[in-house]
Amino acid sequence: MAPDDDKTQSHVLLTAGTMVSHYRIIEKIGAGGMGEVYLAEDTELNRKVALKFLPLHLCQESECRARFKREAQAAAQLDHPNIVSVFEVGEFQGRPFFSMQHVEGQSLKEVIAGKTLPLERILEIGIQVCDGLQAAHEKGVTHRDIKPSNILIDSHGRTRIVDFGLASVMGLDHLTKTGSTLGTIGYMSPEQVRGEAVDHRTDLFSFGVVLYEMITGHAPFKADSEAATLHAITDTAPQPLARFRREVPLGLQTIIDKALDKRVSTRYQHADELSADLKRLSAAASSVPSVRKRRIRIIVPILVVLGLVVIALILKPWQLEVSSTQESHAAPNWLAVMYFDNIADPADSKRLGEIATNLLITGLSQSEYIRVMSSQRLYDLLKQMGREGVKTIDRATASQIAQKAEATWMLSGSILQSEPTIVLTSQLIDVASGGVIASQRITGNEGDNIFAVIDRLTIAVKTCNVLPAAMRSEASIRIADVTTRSPEAYKYYLEGLEYSDKLYAVEARQSFRKAIELDSTFASAYFELSHIMGNIFGVSGQERLAAIANANRYAYQASDRERRRISLYTQRKASEETANDYREYLSRYSDDKSVWLDYAAASWKNFGGSADSALIYLKRAITLDPTYKQAYNWISYVYGFLGDKDKAFAAIDKYVELAPDEPNPYDTRGDLYAYFGQLDSALDSYRQALSIKPDFAMTIKKLGRMYLLAGQVARADSLYHHASTVLEGTERMNARSWLMDIASFQGKFDEALRLANDCISANRLDGAENENSFVYYKKGMIFDNLNMWDSAAANARVNEQLRVRLRAADTLGYEIPFLRWCYRSGDTAKASRLLERLAAASHSIDRGPTLRYWHAMGDIALARADFTSAVDHLNRAECNSLYLNDPISTHYRLAEAYLCSGDAQSAIAVLEKLLTNYSELSTLPDPCLGVTAHYLLGRAYYEIGERDKARTALEKFLTIWKDADAGLKDVEDAKARLARLKVKP
């Protein structure tokens, strides 16, 4: 055999001085699954080169070596500044190698390890890689193994691609099965994973993966195993960029989505297309200031009334009109504190600049003789100027802000040093003249934290001669006494507020808990924890009540503003007294947009107001901040309730525009589509919300219900099973109960009961027996459908006991079905006691208890077969409905009452509306009511002789319940009616 084919021959160890052809080895500079790299001297041309040798075990066959030679020769034809040049291909001791340009620098893998690159630099690198790939692809050369280790950044910052052609020599089987190259797997394209033929577009997908990793610091398809990673590449969408990096522009997400499209035909087709998009984004970014979007909530007090600034709000198709009472008036002694520029840490990675700003505002606001602009107002004004998230404010911008706020003075500051001691400087500036009135420099003592230093700065500012003289004789209040004593707790508190703003309940809850762990007397953190749990989790349990109790307990350590907000939230009573408390608060702190929003919601739901009055208060909040996301969210729901579809969607479009990378705008849009009967559009919107945040629990529940209504039972089952494993805490327990809904929806009540018992057992194993209250309630619903009133009432009693143990604040919603079950099972004494409670609650100005009382009266009338009274009572309940949906199935019961009273036409009107309101159908506590409504509709049409419509409705019902439990009376009756309809009259 020829020497080249001798697989047993020995190999010379490559050490310094070894001659390989005309190359003298200097040192080994790299090794990996693709071979070894040596720095060598080209003795003929007196230059340094890199020699790359394939691994010893590869290319033992002449065919493989020939292929290696062809690929290297093709790579040698590439002459581009962003591609490492190949000089020569050869063999040494039967081992293939090639010589290439030696690049001094680092691999991209090394550059990004543990670092966050600026977006501008990422775009620059991306454009250069695309340029190199385009040059190669034009020559018919595909890389097939684009990854960070194959991209070099030279000492001048230029990007170079290395190792063209090696992947084809190594072979796809080797890439996926050899442990030493597992790093490559995460960068493979779907077509590579599937073993299909690939072309240059595989490089574009792989580079999309690289781009994603540069931006986020995370691999998009990384999983626990090789198989799971390969599955993710072919079947799973990566997390949105904003999940890891808030300041990512929407355009960059669009680019990543197209690059990582799993379909070759709809991916970028050429590298120059990707390059062009990156260049456009880079040009757009360079034309506006770089900002970091950071949410700052109101955390400081203002002790005077802030007159409202007139702001023209353009929100087509309506325009906000601001009355003359809302015009601003020049306010004497008004001070605007600007963000502190953290020179010691420009990125403000520990939020020290943000904390210093807010603490100084808090400290100065304790004075009775000066008015201080809140940090929230500063944030809002910056947004109105198109500078959202900016933390470094130049003098011109600061002057604009101060003028908009009609401030007399403004104060700017800097953090010059944070270690070993904190050094702050500040300047007090006259807004009218722009001149510096006074300046301060505070150097902290050894061991002083930011609170102590800000206390000293507060005193220094208050002693300035231009400020009211009375300030100098005021008693000093330590900032830690009205906030927290822990800078770290304060940092987590701010983090929690950011999450709350996005309705990221789980994350917000974790941040507030961390703040409380660091300072167990932090009243504001307790308050926000209770707020997030009450408003988003919907949990009226022990933790929320304990949090609000602690907020009240430590409220003496909060500012006046915070104490009043805590008091408002604690009352939560639908009374004229509570309404007056809101009015008093807003007369004192009229700049608090969040309380204007709360008042709008409370006035509509609890204080006897109308939807129109709610809109007035919501627009008042928008007057303060035309970019107030949650106000637009509420406005969309109110207009939806009023039936004004155009204005509802105009509001939600504005919300989406303001928060395109958050899930809740798309969740709300899905709700509106569902309410207006557009099921497919609702599905798309909910899916879009989950593409941004896959664990957004409220959307998961709605999407699953929508899948059921669309007849996509398997997708609902898959979604809910996944949710029951990936969600955490209370949300996981809720997800387990959602699986019962799928069985109930199909009339499989035996299976639903089995799933209910499984859910109860699983929650017990998790040590959460109290959380089973809702499961027992749903079990009662199942027995209700089977007319097993005793069993339904027995489960309701367990629900009641657990909710008492949980100290649940509101049980009235659960008492309606409990009352019905008790009455029908013969326990009239218990039913009477429940009705008395509902009657007592109905005398408040809150519409909710009134709705429940009349609904309960309608249920009792139905049970007594007093159908005329049932219609009257349920119509009274329906008149008090407030939402886009009906959470206690009033409309269903009203239709039932109409039908039983002989008024089939009215029953049809209610049912036709109900069956096209997918929002209501998706929130019914008993999912099978959305199915049996078709049965009632069929009966109603049957009664008035509309045979075709009756047949359609009954067939729809029987199709959904085709696999229902045997012996169900509604199924048997529907089949009998359908059989009669098939007989020609």
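Glycine residues also receive a Cβ, built from the backbone N, Cα and C atoms like all the rest.
Taken from TrEMBL, the feature domain 'Protein kinase' covers 23-281.
Residues annotated as ATP binding site in TrEMBL: Lys52. Under the three-state DSSP scheme, Lys52 (ATP binding site) falls in the strand class.
The feature transmembrane segment is assigned by TrEMBL to 298-318.
Marked as repeat 'TPR' by TrEMBL: 663-696 (among others). With helix defined as DSSP H, G or I and strand as E or B, the repeat 'TPR' (663-696) counts 26 helix, 0 strand, 8 coil.
The repeat 'TPR' annotation in TrEMBL covers 931-964 (among others). Counting residues of the repeat 'TPR' (931-964) by DSSP class, helix then strand then coil, yields 27 helix, 0 strand, 7 coil.
In the shown protein chains, 21 other C-beta atoms lie within 10 A of the C-beta of Lys52 (ATP binding site). Long-range contacts of the repeat 'TPR' (663-696) within the same chain: residues 237, 239-240, 242-243, 502-504, 506, 629, 633, 636-637, 640, 645, 648-649, 652, 655-656, 702-703, 706-707, 709-710, 726-727, 731, 884-885, 916-920, 922, each at least 6 residues beyond the stretch ends and with a Cβ under 8 Å from a Cβ of the stretch. For the domain 'Protein kinase' (23-281), the mean pLDDT of the prediction comes to 84.
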